[in-house]
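Q: One structure coming up, written as structure tokens, with questions to follow.
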Amino acid sequence: MKKSTLINSGISYLVATLGHTDEITICDAGLPIPDHVQRIDLALTHGVPSFLDTVRVILSESQIEGVIIAEEFSDVSPVLHEALLKELSKESEETGKSIEIKYVSHEAFKARTEQSRAVVRTGECTPYANVIFQAGVVF
């Protein structure tokens with residue numbers, strides 16, 4: 001059995017095969033997922049697993065250099081938005097690498113998911129709890 005934090009085989013494979021600048025979307029239970037993009041559906045029930053728990057686990061296994069977030073997230077769900085920024089800041093401090101944060105409209109965010117290698121759907125039911133991770137390099 002795998003010893004590290006991430007034991008989901010689909011996400012583990014995805015992270016292992018990411019190239020520089022590839023994108024992964026982590027989303028709430030309601031975000032539409034394009035038909036042609038791989039769907040990794042973790043949602044069990046409302047709030048399980050949570051958006052933040054999923055973000056933390058994926059960050060523990062992958063190097064990112066940027067994120068894309070919907071502008072509406074900070075206005076509509078400020079507590080969870082701040083918690084996400086805190087996790088990104090912590091990751092940046094631990095790795096010594098900066099993480100660029102880009103804000104776009106929710107409509108532009110949904111369109112951008114078309115470029116994702118995969119969309120990881122959580123059970124989160126907080127509005128706009130979505131983020132796109134852009135893969136970085138570990139060297």
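Heads up, residue numbers simply count up from 1 along the chain you see.
Any Cβ shown, glycine's included, is placed from N, Cα and C.
What Swiss-Prot records for this protein is below:
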type	residues	note
ACT_SITE	H20	active site, proton donor
BINDING	D28, H106, Y128, A129, N130	substrate binding site
Q: Could you tell me the maximum Cα-Cα distance in Å between the residues recorded as binding substrate, namely D28, H106, Y128, A129, N130, rounded to a whole number?
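A: Between the outermost Cα atoms of D28, H106, Y128, A129, N130, the distance is 13 Å.
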Q: Other than its own, how many Cβ atoms are within 10 Å of the Cβ belonging to H20 (active site, proton donor)?
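A: For H20 (active site, proton donor), the 10 Å Cβ neighbour count is 10.
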Q: Where among the binding-site residues D28, H106, Y128, A129, N130 do you find the Cβ with the fewest other Cβ atoms within 10 Å?
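A: Among the binding-site residues D28, H106, Y128, A129, N130, the lowest count of other Cβ atoms within 10 Å belongs to H106.
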Q: Express the distance between the Cα positions of H20 (active site, proton donor) and N130 (substrate binding site) as a whole number of Å.
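A: Approximately 21 Å lies between the Cα of H20 (active site, proton donor) and that of N130 (substrate binding site).
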Q: For the substrate site given as D28, H106, Y128, A129, N130, which other residues of the same chain have their Cβ within 8 Å of the site's Cβ centre?
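A: In sequence order, the nearby non-listed residues are C27, G30, L31, A70, E72, F73, S77, F109, T126, P127.
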